[in-house]
Amino acid sequence: MALIKTTEEIDRMRRGGFILSQTMKEVISIVQPGLFFKDLDMVAKNFLTKMGATPSFQGYQSSPEDIPFPSALCVSINEEVVHGLGNRERRLQEGDVVGLDLGCWFEGMCTDMAVTVGVGKISHQAEQLIRVTQEALFHGVSAARAGQQLSCISQAIESAIRPYGYGIVEALGGHGVGHDVHEPPYIPNFTNHHYKDVTLTTGMCLALEPMVGLGSCHVRTAEDGWAVLMEDCQISAHAEVTIVIQEEYAEILTPFPL
């Protein structure tokens, strides 16, 4: 797969990204105590389909041994960091912190985005965690431009989080996107790592996604084989956009809906 997308491919991702963002707005608008996770998933699936797009997560397997992902939308609650199953018959509760992660195919190209929102009234601690995670995401976007190193994105994200004393999930990170759901390069949200650095080039499409928590941010996989949980059961937040690297800036292809 080509890391550099053509102008025509980027245009398809731009249009698909707009559909994805509008879908996420629809999902966010119905978040309230008492709603089933599966209702959020159904809204996401139906809206994408109506707009001519296809969910990219449903049926996804990172390897042939994996259980196919059963829903269009990832719904991750409180200590669930990412990949929570969206088809569960579980209700949202007042005070929950819920991560919503959604991807779509549109005219053969894939985009990806995520937000974290509160259900009803949430604690000030949770509000700040969500805000800092979003700010870290946009620090990363601001650092991304042609000629810069990928590590500049990691550094920008990390520097926005560390002053608050929050943990950064080191087992997961951002990635390339476009021809597939996950493509190279891998994008850590911290700088003390062994991953190879990459020079950013015009036409690269990346999904930036800080994952932040109140605790140590050591994680484990749930018994369902998908959801990633904080081992210490502290709450987490996740924010994501798809960008394309331009000469002087990074263009967001999935407008952030908050």
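Every residue gets a Cβ built from N, Cα and C, even glycine.
All TrEMBL annotations are machine predictions without curation.
Straight from TrEMBL, the features:
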- HIS83, HIS182: substrate binding site (BINDING)
- ASP101, ASP112, GLU240: divalent metal cation 1 binding site (BINDING)
- ASP112, HIS175, GLU209, GLU240: divalent metal cation 2 binding site (BINDING)
- 12-246: domain 'Peptidase M24' (DOMAIN)
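Its Cβ placed at the centre, ASP101 (divalent metal cation 1 binding site) has 23 other Cβ atoms within 10 Å.
Using a 10 Å radius centred on the Cβ of GLU240 (divalent metal cation 1 binding site) and all shown protein chains, the other Cβ atoms total 26. Comparing C-alpha positions, GLU240 (divalent metal cation 1 binding site) sits nearest to HIS175 among the binding-site residues HIS83, HIS175, HIS182. Highest Cβ count within 10 Å among the binding-site residues HIS175, HIS182: HIS175. Neighbours of HIS83 (substrate binding site), defined as other CB atoms within 10 A of its CB across all chains, total 23. In the predicted model, residues of the domain 'Peptidase M24' (12-246) average a pLDDT of 97. Other than ASP112, HIS175, GLU209, GLU240, the residues of this chain whose Cβ falls within 8 Å of the Cβ centroid of the divalent metal cation 2 site are, in sequence order, ASP101, MET113, ALA114, GLY174, VAL177, ALA207, LEU208, VAL241, THR242.
In the three-state DSSP scheme, ASP101 (divalent metal cation 1 binding site) is classed as strand. All protein chains considered, the CB of GLU209 (divalent metal cation 2 binding site) has 27 other CB atoms within 10 Å. Excluding ASP101, ASP112, GLU240, which define the divalent metal cation 1 site, the same chain contributes CYS74, LEU102, GLY103, MET113, ALA114, ALA207, GLU209, HIS238, VAL241, THR242 within 8 Å (Cβ to the Cβ centroid), listed in sequence order. The closest partner of HIS83 (substrate binding site) among the binding-site residues, by CA position, is ASP101; the full candidate set was ASP101, ASP112, HIS175, GLU209. Counting only same-chain residues at least 6 apart in sequence, those with a Cβ under 8 Å from the Cβ of ASP112 (divalent metal cation 1 binding site) are LEU20, SER56, ASP101, LEU102, GLY103, VAL177, VAL181, ALA207, GLU240, THR242, THR254.
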